[in-house]
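*Asks:* The following feature annotations were taken from Swiss-Prot:
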BINDING   Asp10, Glu48, Asp70  Mg(2+) 1 binding site
BINDING   Asp10, Asp134  Mg(2+) 2 binding site
DOMAIN    1-142  domain 'RNase H type-1'
Amino acid sequence: MNSKVVIYTDGACAGNPGPGGWGALLKFNDASKEIFGYELDTTNNRMEITAAFEALKILKKSCNVEIYTDSKYLQQGITAWIHNWIKNNWCKSNNEPVKNADLWQKLYAELSKHTIIWKWVKGHANNSGNIAADKLAVQGRETAIEVLKCRG
């Protein structure tokens, strides 16, 4: 029987593009794990996708996963749009390349390892898991800003 894991993800960016961070809260039974990271020059959408990918990547065995995101871009991209993107060789219906295809492909590769339900949650609306993921993403973003300051 697969274990159940609940994941909350978020991304944050100072400017778009600009320094950004991603964060995720993973809950399993009574345990939880917080992860975050950053990129020096990125977009909010890239950070949203990265948060989900990094959270799934650390799961060591097949799990039943509920992923909560406040990003409609992430939720709709991975549950609806991606099927046509794959069919159209990572192009949209207007033949333009899909933005962030590199990250969508990495995230898609993780999907087959788990049974996943994607859920949208309103951001900044008193959802404790979303608030925790947001704080982690902001921590990542602030780390990126500090790294840039140190580089002058």
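We number each residue from 1, going along the chain as drawn.
In case you wondered, yes, glycine gets a Cβ from its N, Cα and C as well.
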*Asks:* Using a 10 Å radius around each Cβ and all protein chains in view, which of these binding-site residues has the most neighbours: Asp10, Glu48, Asp70, Asp134?
*Replies:* Asp10
*Asks:* Cβ within 8 angstroms of the Cβ centroid of Asp10, Glu48, Asp70: which residues besides those meet this for the Mg(2+) 1 site?
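*Replies:* Apart from Asp10, Glu48, Asp70, the close residues are Thr9, Gly11, Met47, Ala51, Thr69, Ser71, Leu74, Gly123, Asn130, Ala133, Asp134, Ala137.
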*Asks:* Any idea what the Cα distance is from Asp10 (Mg(2+) 1 binding site) over to Asp134 (Mg(2+) 2 binding site), rounded to a whole Å?
*Replies:* 5
